[in-house]
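Chemist: From Swiss-Prot, for reference:
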type	residues	note
COMPBIAS	583-594	compositional bias 'Polar residues'
COMPBIAS	596-616	compositional bias 'Basic and acidic residues'
COMPBIAS	620-629	compositional bias 'Polar residues'
COMPBIAS	630-644	compositional bias 'Basic and acidic residues'
COMPBIAS	669-690	compositional bias 'Polar residues'
COMPBIAS	697-709	compositional bias 'Basic and acidic residues'
DISULFID	CYS24-CYS85	disulfide bond
DISULFID	CYS32-CYS78	disulfide bond
DISULFID	CYS69-CYS106	disulfide bond
DISULFID	CYS95-CYS129	disulfide bond
DISULFID	CYS99-CYS123	disulfide bond
DOMAIN	19-132	domain 'FZ'
MOD_RES	SER656	phosphoserine
REGION	583-709	region 'Disordered'
SIGNAL	1-18	signal peptide
TRANSMEM	202-222	transmembrane segment
TRANSMEM	234-254	transmembrane segment
TRANSMEM	285-305	transmembrane segment
TRANSMEM	325-345	transmembrane segment
TRANSMEM	371-391	transmembrane segment
TRANSMEM	417-437	transmembrane segment
TRANSMEM	474-494	transmembrane segment
Amino acid sequence: MERSPFLLACILLPLVRGHSLFTCEPITVPRCMKMTYNMTFFPNLMGHYDQGIAAVEMGHFLHLANLECSPNIEMFLCQAFIPTCTEQIHVVLPCRKLCEKIVSDCKKLMDTFGIRWPEELECNRLPHCDDTVPVTSHPHTELSGPQKKSDQVPRDIGFWCPKHLRTSGDQGYRFLGIEQCAPPCPNMYFKSDELDFAKSFIGIVSIFCLCATLFTFLTFLIDVRRFRYPERPIIYYSVCYSIVSLMYFVGFLLGNSTACNKADEKLELGDTVVLGSKNKACSVVFMFLYFFTMAGTVWWVILTITWFLAAGRKWSCEAIEQKAVWFHAVAWGAPGFLTVMLLAMNKVEGDNISGVCFVGLYDLDASRYFVLLPLCLCVFVGLSLLLAGIISLNHVRQVIQHDGRNQEKLKKFMIRIGVFSGLYLVPLVTLLGCYVYELVNRITWEMTWFSDHCHQYRIPCPYQANPKARPELALFMIKYLMTLIVGISAVFWVGSKKTCTEWAGFFKRNRKRDPISESRRVLQESCEFFLKHNSKVKHKKKHGAPGPHRLKVISKSMGTSTGATTNHGTSAMAIADHDYLGQETSTEVHTSPEASVKEGRADRANTPSAKDRDCGESAGPSSKLSGNRNGRESRAGGLKERSNGSEGAPSEGRVSPKSSVPETGLIDCSTSQAASSPEPTSLKGSTSLPVHSASRARKEQGAGSHSDA
């Protein structure tokens, strides 16, 4: 039984946070200085770490001591709050028998004043012992010396978590090395007005970054084929940073509701920062923010890889595109693996400045291995490949130095790559510098905060603290600015005259289409196609291409309405010389034997009637000029003979596969109609393609036949 106080003292030893040795200290509490002992030891039974806090807590029981409800009440309180410490390193605790007597004598007064007996002083927790208290040798002569020494060299017992920062339950919280302790919220370094300014700044920058990255992505959607490999990773890179900027904007809107825990008045807990993955909202924000931050960095590395393959290894776009599956596997797989690992390790931390959740804000090891190390690795690999690619491009530029045009293009491309890489690397390297600076000085900042608030929170103050070692708000603002501005560099790559043209065309296409303008455009495209195709045929014939030439025309419907009334004669102005086109058409007809036979049939079948039929049906009202009966009969006969020879002229501009007569007569027909009649013609008539390959003699013969009729 005699060893029970010593065993209890051994149990209390782990409570000593900053003790390196078990030492006694002189009593400084005035009420207990008249006791038979003058040395004490902390922490005591209630977990008090110094005599000042113990004296304050003991003051709640002074009413009992002043009323002297029990003759031994004052001695018991001093032994409980200021325990005895002997030179033999023996902590003496109050006895159970004395405790039971005090409670029995003072129970009525405690009920009257509403005093609650502390759980730490329950009598059944105290040891059975005698009431004799050992006294240190020379109690009054040795008191002044150690007391002065204590004033000169204060005892550093480490950090004690304030009561309002303690967390309930097993949530895995850890702050300044203390379990179940969380940082305060709002931020422990800055004032409220500084935090408001920082939040507004982050919100504005996130909006700019979000708009820039969305513009890059939407430009890609307008013309997907424009951004092929090796440039395609820029699009995925911009998508990643659009999500990052969106998360910061969400944090700006929500404030600290996601990054901080609300105060609990019942448990006497204040606002604390979220630590761990138990908070679902904070975990979701962390997943998106960390995953896409790392994915964006990896996509930049892949961009440098594709540039190196194209410039240094001379890979084609198709060869690089075949490796796209591996690019996606690395870019999305590695960040996903790190994100899942951090969630499993319970490393999620709330950021009470920006309102988001990230990693490494209070855990220095997590910041070192999950933020700094991946970013430094990506910068090293990407910068190495980028320099290798630029060196290869410079070598190519020296090889083609006599080709002024290509050399100028290559020079502009190199400048473009250099500026884009600089816009990415400079902010990223600055961000790494902020992380390193914060990692080195965070412990000092925390000790300064500890020293500034120890008296306010009634916790022991640190032995040494530099009052000037406080963080600057500008450092954190630069860190958030560099985090977001990295995504804006993608706008530089897509920002060109071609992008403006694509956006202008996109808005123009979305307007309501005019049927007249649309049908004119269709006709103009058809004429341009015929002219281009005939030029190719002439080129082949000039070089002695064997066999007859045939023009196979495929008419394509543009979805326009044939009921609209318009005049398409002016659309033929796109072709400058239709006489040349007619000459080429005549040449093509005579090169084919089958076409010669068909031409003879057409002569016998009254060719002018066929021509009048073609142009007349397409012209609409102008067909009344050939309204006699004989003209109709000859027209019908010509139609019959043409149908027997598989040369029926379709009304919509199509030519039979067996016909070697090209459909180029539309130009002459439409032009002549536009000149002769100002009345608008139907769309059906304007899109028909009559034959314009008859000779001058045939025209004269047709004119004579028409006059006879």
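In case you wondered, yes, glycine gets a Cβ from its N, Cα and C as well.
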Chemist: Any contact between the transmembrane segment (285-305) and the transmembrane segment (371-391), i.e. 3 or more CB pairs below 8 Å with pairs at least 6 residues apart?
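Modeler: Yes; at least 3 Cβ pairs under 8 Å.
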Chemist: Between CYS69 (disulfide bond) and CYS78 (disulfide bond), what C-alpha distance do you get in Å?
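Modeler: Between the Cα atoms of CYS69 (disulfide bond) and CYS78 (disulfide bond), the distance comes to 16 Å.
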Chemist: What residues in the same chain, six or more past the boundaries of the transmembrane segment (371-391), come closer than 8 Å to it by Cβ-Cβ distance?
Modeler: 294, 297-298, 300-301, 303-305, 307-308, 310-312, 338, 359-360, 414, 417-418, 421, 425, 428-429, 431-432, 435-436, 439
Chemist: Restricting the comparison to the disulfide-bonded residues CYS24, CYS85, CYS129, which residue's C-alpha is spatially nearest the C-alpha of CYS99 (disulfide bond)?
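Modeler: Going through CYS24, CYS85, CYS129 one by one, the closest to CYS99 (disulfide bond) is CYS129.
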Chemist: Let me know how many other Cβ atoms fall within 10 Å of the Cβ of CYS78 (disulfide bond).
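Modeler: Excluding its own Cβ, CYS78 (disulfide bond) sees 25 Cβ atoms within 10 Å.
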Chemist: Work through the disulfide-bonded residues one by one (CYS85, CYS95, CYS129) and name whichever has its CA nearest to the CA of CYS32 (disulfide bond).
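Modeler: That would be CYS85, the closest of CYS85, CYS95, CYS129 to CYS32 (disulfide bond).
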Chemist: So of CYS32, CYS85, CYS99, CYS123, which of the disulfide-bonded residues has the fewest other Cβ atoms within 10 Å around its own Cβ?
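Modeler: Among the disulfide-bonded residues CYS32, CYS85, CYS99, CYS123, the sparsest Cβ neighbourhood within 10 Å belongs to CYS123.
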Chemist: Of all the disulfide-bonded residues here, CYS24, CYS69, CYS95, CYS106, CYS129, which one's CB has the most other CB atoms within 10 A?
Modeler: CYS106
Chemist: Out of CYS24, CYS78, CYS85, CYS106, CYS123, the disulfide-bonded residues in the record, which is closest to CYS129 (disulfide bond) when you go by Cα distance?
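Modeler: The smallest Cα gap between CYS129 (disulfide bond) and any of the disulfide-bonded residues is with CYS123.
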Chemist: Hey, how far is CYS95 (disulfide bond) from CYS85 (disulfide bond), Cα to Cα, in Å?
Modeler: 15
Chemist: Which sequence-distant residues neighbour the transmembrane segment (234-254)? Criterion: at least 6 residues beyond either end, Cβ under 8 Å.
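Modeler: Same-chain residues near the transmembrane segment (234-254) but 6 or more away: 199-200, 202-203, 205-207, 209-210, 212-214, 216-217, 220, 227, 285, 288-289, 292-293, 295-296, 299-300, 303, 331, 351, 354-356, 480, 483-484, 486-487, 490, 493-494.
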Chemist: Averaged over the domain 'FZ' (19-132), what pLDDT does the predicted model reach?
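Modeler: The average pLDDT of the model in the domain 'FZ' (19-132) works out to 77.
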Chemist: Could you check which of the disulfide-bonded residues CYS24, CYS78, CYS85, CYS123 is the closest Cα neighbour of CYS106 (disulfide bond)?
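Modeler: Of all the candidates listed, CYS123 is nearest in space.
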